[in-house]
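> I have a structure here, written as structure tokens, and I will follow up with some questions on it.
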Amino acid sequence: MEGIFYALIPMFTWGSIGFVSNKIGGKPSQQTLGMTFGALLFSLAVWLIVRPEMTLQLWLFGILGGFIWSIGQTGQFHAMQYMGVSVANPLSSGSQLVLGSLIGVLVFHEWTRPMQFVVGSLALLLLIVGFYFSSKQDDANAQVNHLHNFSKGFRALTYSTIGYVMYAVLFNNIMKFEVLSVILPMAVGMVLGAITFMSFKISIDQYVIKNSVVGLLWGIGNIFMLLAASKAGLAIAFSFSQLGAIISIVGGILFLGETKTKKEMRWVVTGIICFIVGAILLGVVKS
């Protein structure tokens, strides 16, 4: 029970990143740079307190992983700009779970028993149904929907999902480091990635500075993710953390004024239920 409580913290902190950053404002590149600065400050503080042993391998893979992460985060910020937070974030979380699970099954053979394939396939089906309903648009809301560019949003989500899943595979399946050890090299890679996406034209303005708060949310989520994994297992902790999409949906509607018709609200609730059940089933399969 304690582990599940810890897992709820990254659910809220990571789920809040999208609407908090969009409430602050700025371009996706400014949002990413500000977030990575905050993450770097948080990581430096953790390093000064913990003083973990640092190896060359840890630095190299940590920086590489952070750079790959920045691809995922920049794409997600672009997707939120094109589609809205309440649509983009659940699609992003769900697509990460689906693609990550498929890679785990096909490449790393994480499912070995028949029951795992049955329950896992049901979980993936529920996530796909959740995709459909969370992004489904009502024709009656066309005046609002025309302000969004869903084709660009889906393209941004595609490379965002690839970046996030590559990052997850690197640290969960290929190289396994302690989070408290790798968090600083990873933050350095995140900053380098953000600077690259700005074409090395760094401009520290109010949006970059304010978005550093979002980096603190990321860091707090990482610490509690570590605690949750130690108490309840990584599979359960990760699956629960991905339910932050629910926080994104609610935050986008309440704090960013993203409008939904009654029909769209019913679809959103259906999508949320599918996400919750699908994510929990995936956690059960992996554990």
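Yeah, the Cβs are placed from backbone N, Cα and C, and that goes for glycine too.
Pasting the feature list from Swiss-Prot:
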- 1-21: transmembrane segment (TRANSMEM)
- 30-50: transmembrane segment (TRANSMEM)
- 52-72: transmembrane segment (TRANSMEM)
- 88-108: transmembrane segment (TRANSMEM)
- 114-134: transmembrane segment (TRANSMEM)
- 157-177: transmembrane segment (TRANSMEM)
- 180-200: transmembrane segment (TRANSMEM)
- 213-233: transmembrane segment (TRANSMEM)
- 236-256: transmembrane segment (TRANSMEM)
- 267-287: transmembrane segment (TRANSMEM)
> Are the transmembrane segment (236-256) and the transmembrane segment (88-108) near each other by the rule of at least 3 C-beta pairs under 8 angstroms (pairs 6 or more apart)?
yes
> Suppose I define contact as three or more CB-CB distances under 8 A, residues 6 or more apart in sequence; do the transmembrane segment (213-233) and the transmembrane segment (114-134) meet it?
no
> Counting Cβ pairs under 8 Å that sit 6 or more residues apart, are there three or more between the transmembrane segment (236-256) and the transmembrane segment (30-50)?
no
> May I ask which of the stretches 1-21, 30-50, 114-134, 157-177, 180-200 has the most CB pairs under 8 A with the transmembrane segment (267-287)?
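Between the stretches 1-21, 30-50, 114-134, 157-177, 180-200, 114-134 has the largest tally.
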> Are the transmembrane segment (52-72) and the transmembrane segment (157-177) close enough that 3 or more Cβ pairs fall under 8 Å, when only pairs 6 or more apart in sequence count?
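Yes, these stretches are in contact.
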> If you count Cβ pairs under 8 Å, which stretch among 1-21, 114-134, 180-200 touches the transmembrane segment (52-72) the most?
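Stretch with the highest Cβ contact count: 180-200.
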> What residues elsewhere in the chain lie close to the transmembrane segment (30-50), defined as a C-beta under 8 angstroms and at least 6 residues from its ends?
17, 21-22, 24, 70, 73-74, 77, 180, 183-184, 186-188, 190-191, 193-195, 197-198, 202-203, 205, 207-216, 218-220, 223
